[in-house]
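Asker: Okay, handing you the structure first.
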């Protein structure tokens with residue numbers, strides 16, 4: 001079946017292996033992941049657009065090995081997606097209603113974009129009847145088997161919710177009373193999007209989540225924990241300004257605004273554009289785009305957060321001041337640890353000899 005659709009079995013299994021690892025499953029699950037993907041056309045997906053830039057859809061379209069055309073449309077049965085579907089106007093609205101009715105209680109709903117709510121619903125209307133985005137979201141959510149908010153706009157409101165939030169843009173979770181899994185990012189990795197669908201196919205349940213309803217398998221660790229420049233941070237080697245010698249040598253970007261220590265995501269592990277790169281690799285710090293209200297709380301993007309948001313363990317010193325000392329402190333702690341280990345080893349040997 002794969003060969004008929006122009007997909008090499010080796011490429012497909014390579015993709016399945018990568019998805020298995022990404023979901024933190026043992027390698028023995030790879031054949032099961034592959035089988036789930038092959039059977040995934042039984043799981044209809046409806047994708048709605050709200051107030052957004054379509055960046056999350058752009059990310060999805062860059063899924064690789066197999067690509068979006070062969071994997072998503074052939075195996076996951078994408079029933080409705082305004083960016084890639086041919087229908088428009090009345091026909092598009094008919095297709096949506098048909099999918100909701102035909103797959104009632106069985107489809108996965110994915111929503112991209114913040115949603116003007118309350119008395120401001122009219123700021124976003126969709127389709128030939130001028131239905132508000134909030135009405136569309138509530139209607140499609142009612143009979144969904146699982147609901148995913150794709151991107152930070154749908155998860156937390158997005159940049160259109162920035163103060164003073166003139167359109168009262170809200171996350172999907174505040175528009176529907178159904179459980180919502182948030183997949184934030186601006187945009188999220190295509191593998192974080194597809195991985196959640198595969199998790200649902202494999203286990204028939206939603207993934208475990210953190211306090212902000214983000215899947216733990218994707219958002220369980222900080223950018224800082226997985227960053228390839230973490231060693232530079234620990235050594236106290238920082239870029240002082242863009243273009244300086246430290247920037248050329250790949251030093252830590254914390255002092256020029258990187259929000260990696262405060263941001264939970266797996267960008268450094270998965271990267272973007274078919275695993276090509278990610279912001280820190282390209283020379284710019286993380287802006288914290290998978291965190292709630294990052295548009296208001298993480299700026300200015302080229303300056304450290306310091307002590308404005310987060311208390312530290314350093315007697316009130318801002319994180320930017322701490323960065324000056326952290327390298328020396330950690331190196332000293334490491335030296336103490338090495339010495340302690342040596343003493344302990346000698347004691348154990350003496351005990352064994354006696």
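Note: Cβ is positioned from N, Cα and C throughout, glycine not excepted.
Remember, predicted model here, so these are calculated numbers, not experimental data.
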Asker: From the candidates 186, 227, give the one listed by Swiss-Prot for the same [4Fe-4S] cluster 1 site as 53, 56, 153.
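Answerer: Looking through 186, 227, the residue Swiss-Prot assigns to the [4Fe-4S] cluster 1 site is 186.
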Asker: Spatially speaking, which of the binding-site residues 224, 227, 267, 286, 289 is closest to residue 186 ([4Fe-4S] cluster 1 binding site)? Use C-alpha to C-alpha, please.
Answerer: 289
Asker: Fewest neighbouring Cβ atoms within 10 Å: which of the binding-site residues 153, 286, 289?
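Answerer: The binding-site residues 153, 286, 289 were compared, and 289 has the fewest Cβ atoms within 10 Å.
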Asker: Would you identify which of the binding-site residues 53, 56, 252 has the most other C-beta atoms lying within 10 angstroms of its C-beta?
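Answerer: Max Cβ neighbours within 10 Å, all protein chains included: 56.
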Asker: Highest CB neighbour count within 10 A among the binding-site residues 186, 227, 258, 267?
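Answerer: The residue with the most neighbouring Cβ atoms within 10 Å is 258.
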Asker: Sort out the sequence-distant neighbours of residue 224 ([4Fe-4S] cluster 2 binding site) for me: same chain, 6+ apart, CB within less than 8 Å of its CB, listed by position.
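Answerer: For residue 224 ([4Fe-4S] cluster 2 binding site), the qualifying residues are 230, 233, 260, 261, 263.
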Asker: At the level of the C-alpha atoms, what whole-angstrom distance separates residue 153 ([4Fe-4S] cluster 1 binding site) and residue 227 ([4Fe-4S] cluster 2 binding site)?
Answerer: 25
Asker: I'd like to confirm something. Which of the binding-site residues, 252, 267, 289, has a Cα closest to the Cα of residue 53 ([4Fe-4S] cluster 1 binding site)?
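Answerer: Closest by Cα distance to residue 53 ([4Fe-4S] cluster 1 binding site) among the binding-site residues 252, 267, 289: 289.
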